[in-house]
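Record features (Swiss-Prot):
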ACT_SITE  Arg339  active site, proton acceptor
ACT_SITE  Asp637  active site, proton donor
BINDING   Val118, Arg125, Phe126, Ser275, Arg312, Pro547  acetyl-CoA binding site
BINDING   Arg339, Glu438, Gly463, Phe464, Leu465, Asp466  glyoxylate binding site
BINDING   Glu438, Asp466  Mg(2+) binding site
MOD_RES   Cys623  cysteine sulfenic acid (-SOH)
Amino acid sequence: MTDRVSAGNLRVARVLYDFVNNEALPGTDIDQDSFWAGVDKVVTDLTPQNQDLLKTRDDLQAQIDKWHRHRVIEPLDPQAYREFLTEIGYLLPAPEDFTITTSGVDDEITTTAGPQLVVPILNARFALNAANARWGSLYDALYGTDVISESDGAEKGRGYNKVRGDKVIAYARQFLDDSVPLAGASYTDATGFKVEDGQLVVSLADTSAALADPGQFAGYTGTAENPKSILLANHGLHIEILIDPESQIGATDGAGVKDVILESAITTIMDFEDSVAAVDADDKALGYRNWLGLNRGDLSEDVTKDDKTFTRVLNTDRTYTAPHGGELTLPGRSLLFVRNVGHLMTNDAIVSDAEGAEGAPVFEGIMDALFTGLIAIHGLRSTDANGLLTNSRTGSIYIVKPKMHGPAEVAFTCELFSRVEDVLGLPQGTMKVGIMDEERRTTLNLKACIKAAADRVVFINTGFLDRTGDEIHTSMEAGPMIRKGAMKNTAWIKAYEDANVDTGLAAGFSGKAQIGKGMWAMTELMADMVEQKIAQPKAGATTAWVPSPTAATLHAMHYHKVDVFAVQKELQGKTRTSVDELLTIPLAKELAWAPEEIREEVDNNCQSILGYVVRWIDQGVGCSKVPDIHNVALMEDRATLRISSQLLANWLRHGVITSEDVRASLERMAPLVDKQNAGDPEYHAMAPNFDDSIAFLAAQDLILSGAQQPNGYTEPILHRRRRELKARAGA
């Protein structure tokens with residue numbers, strides 16, 4: 001039984017109530033009683049609107065399902081389909097042209113293009129690593145990944161391999177030549193660095209060279225005659241060359257260079273949503289406490305490596321001597337967003353006894369806005385009471401709002417933020433919104449969605465996986481879908497990615513707000529990432545998601561190769577897609593799959609689902625590196641789970657597979673997943689007692705009940721089954 005404290009119409013779990021009163025409120029100048037009165041009023045006033053928005057989702061889906069079931073024209077008539085969606089209010093008229101007016105936004109969002117990390121807020125170590133990933137070692141990123149081949153004696157091994165190290169140095173030198181070139185010379189031939197008359201001078205064997213563009217020299221540390229580091233800038237990002245001839249690496253380098261540091265994760269999203277398993281008050285309080293530590297600057301974590309333990313803390317800012325003297329200070333940490341949950345889920349960390357509520361759990365998205373907003377106040381001030389580190393330098397709080405369906409839901413988010421600002425005593429417009437373009441109704445009405453948040457929006461971002469999950473679920477009754485691996489090559493995907501950029505640019509995003517693109521999920525395949533992910537900045541995206549600090553450093557190289565703002569200038573004014581392209585449903589043209597192909601698809605998806613769900617349910621891990629059926633490590637979160645479960649639910653609905661096929665595949669794949677997790681002492685095997693494994697049953701539910709889940713979301717089943725396991729463990 002949860003211990004609760006009454007606050008007006010609300011009954012708040014004591015663990016959350018005490019955290020807010022004793023840890024979050026002190027230093028904010030907000031009175032405890034007035035805060036909880038404000039929470040009560042916001043929850044009571046806005047809950048009916050939230051419920052109405054969810055009813056609209058269900059009503060529209062029911063009408064679309066009915067239309068597909070009863071349509072007589074085959075194949076689908078695009079004009080009739082478009083007219084139907086317009087008639088029911090799913091497809092809305094586009095507003096007149098406009099320009100966003102958001103103000104008080106940090107440079108990391110407006111004028112700097114670079115990588116964006118997303119990390120689970122429940123893991124303090126991950127959160128610290130991500131916040132500190134603003135700067136990363138290129139040498140380490142190259143040496144430790146497959147970007148540098150292990151052929152010709154360049155194996156990683158246990159100790160330092162000079163053959164591999166030399167390849168790393170050569171790669172980094174080429175990067176410098178490409179990004180911050182010397183006039184008539186190469187960094188490969190450098191023998192030293194110094195500063196003369198505010199200019200960088202690079203010594204060569206018999207002469208010296210300057211930068212081809214002297215304006216790329218940004219500063220240094222040490223003395224002008226004997227600098228310890230050289231700071232360079234390109235496309236708004238910084239590169240720092242570290243010099244130490246006495247170090248292990250510097251001693252082998254002709255110029256004494258020991259490392260090249262890249263400005264990497266410019267922004268980071270601290271995630272309360274798809275990458276976490278937060279199902280009750282204890283989980284929410286842990287997430288809020290970590291968010292508080294990040295904003296106060298006092299979050300820390302003891303880390304043990306090679307039998308040595310140290311305490312990881314947040315980095316301070318970095319100070320350099322400017323080229324002509326004086327001090328230059330650069331941020332030492334990534335600018336932090338926080339991703340709240342969407343409009344769907346409730347959480348009984350707070351229950352409401354307001355009229356008609358009868359003890360119902362409160363909408364979690366409303367809770368998140370109130371509590372993450374409150375906590376973020378600490379990140380706006382540098383005082384003894386708030387901590388000495390700040391997040392925003394312009395007085396803004398950045399909240400990513402996921403899984404919104406259409407402009408009415410965006411408008412509701414803006415109303416929620418406005419009400420929260422009133423409770424917190426913040427100026428209107430302090431709480432900025434990042435709009436995830438990951439639901440079909442938002443994609444089709446993106447211009448109207450942006451218009452609804454024109455004075456708050458700071459980013460739009462595509463999310464291929466969730467968007468595909470919604471694509472499948474919306475058209476669940478239309479027929480069987482193509483295989484998961486083929487989705488990336490469909491007409492609607494290209495139209496979706498292009499339309500997001502075009503719409504953002506038309507609304508004045510360039511130089512004012514981020515246009516983002518999705519995650520690289522193959523965490524170990526960094527050579528492939530370096531080769532392929534450059535397509536995102538080339539497409540006009542000012543940021544794109546990466547799965548680790550190492551990946552952020554490697555992806556940062558792409559923004560040195562591509563001037564994203566120049567690309568945006570070329571794309572400005574273009575409309576490269578049509579509504580009909582966006583409405584192209586990825587249906588299989590004919591069911592020509594061989595039985596072994598169907599079995600392969602089912603096994604692949606069942607293995608992926610089990611591999612993620614077993615850690616979610618049994619260990620409360622919401623974001624995992626899950627080996628696929630071929631043992632390739634993939635970054636999995638609820639978005640990947642949504643597409644896998646929805647595809648199988650679709651095939652089940654249309655008779656491509658049976659429930660017996662699903663069960664047989666799950667039973668085949670569970671022992672494989674058990675084997676892949678054999679090295680984890682906390683792991684509980686699913687085989688052979690499948691029906692005793694709550695995780696196994698959750699995976700089965702997600703497929704067999706997938707067609708009935710709201711918009712294909714996985715949270716309702718996951719939360720119910722995780723709470724069931726917690727109850728069993730506590731019994």
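Each Cβ is built from the backbone N, Cα and C atoms, and glycine gets one as well.
What Swiss-Prot annotates, mapped onto the structure for a quick look.
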| residue | record | DSSP class |
| --- | --- | --- |
| Val118 | acetyl-CoA binding site | strand |
| Arg125 | acetyl-CoA binding site | helix |
| Ser275 | acetyl-CoA binding site | coil |
| Arg312 | acetyl-CoA binding site | strand |
| Arg339 | active site, proton acceptor | strand |
| Gly463 | glyoxylate binding site | coil |
| Cys623 | cysteine sulfenic acid (-SOH) | coil |
Spatial neighbour of Leu465 (glyoxylate binding site) that is closest, considering only the recorded positions Val118, Arg312, Arg339 and their CA atoms: Val118
Pairwise C-alpha maximum, in angstrom, for the residues (Arg339, Glu438, Gly463, Phe464, Leu465, Asp466) that bind glyoxylate according to the record: 17
Ser275, Arg312, Arg339, Gly463, Phe464, Asp466 screened against the residue listed as 'cysteine sulfenic acid (-SOH)', Cα within 10 Å - retained recorded positions: Ser275
Residue pair Arg312 (acetyl-CoA binding site), Asp466 (glyoxylate binding site) - Cα distance, angstrom, rounded: 33
Residues that sit under 8 angstroms from Val118 (acetyl-CoA binding site) by C-beta distance, when 6+ apart in the chain: Thr268, Ile269, Asp271, Ser275, Arg339, Met519, Trp545, Pro547
All-chain count of other Cβ atoms within 10 Å of Gly463 (glyoxylate binding site): 22
When distances run from the Cα of Asp466 (glyoxylate binding site) to each of the recorded positions Arg125, Phe126, Asp637, the nearest one: Asp637
Maximum Cα-Cα separation in Å among residues Val118, Arg125, Phe126, Ser275, Arg312, Pro547, which the record lists as binding acetyl-CoA: 22
Local Cβ density at Cys623 (cysteine sulfenic acid (-SOH)) - other Cβ atoms counted within 10 Å: 25
Phe126 (acetyl-CoA binding site) CB neighbourhood, other CB atoms within 10 A: 21
C-beta crowding around Asp637 (active site, proton donor), within 10 angstroms: 25
Residue with minimal Cβ packing [other Cβ atoms within 10 Å] among the binding-site residues Ser275, Glu438, Pro547: Pro547
DSSP state at Glu438 (glyoxylate binding site), helix/strand/coil: coil
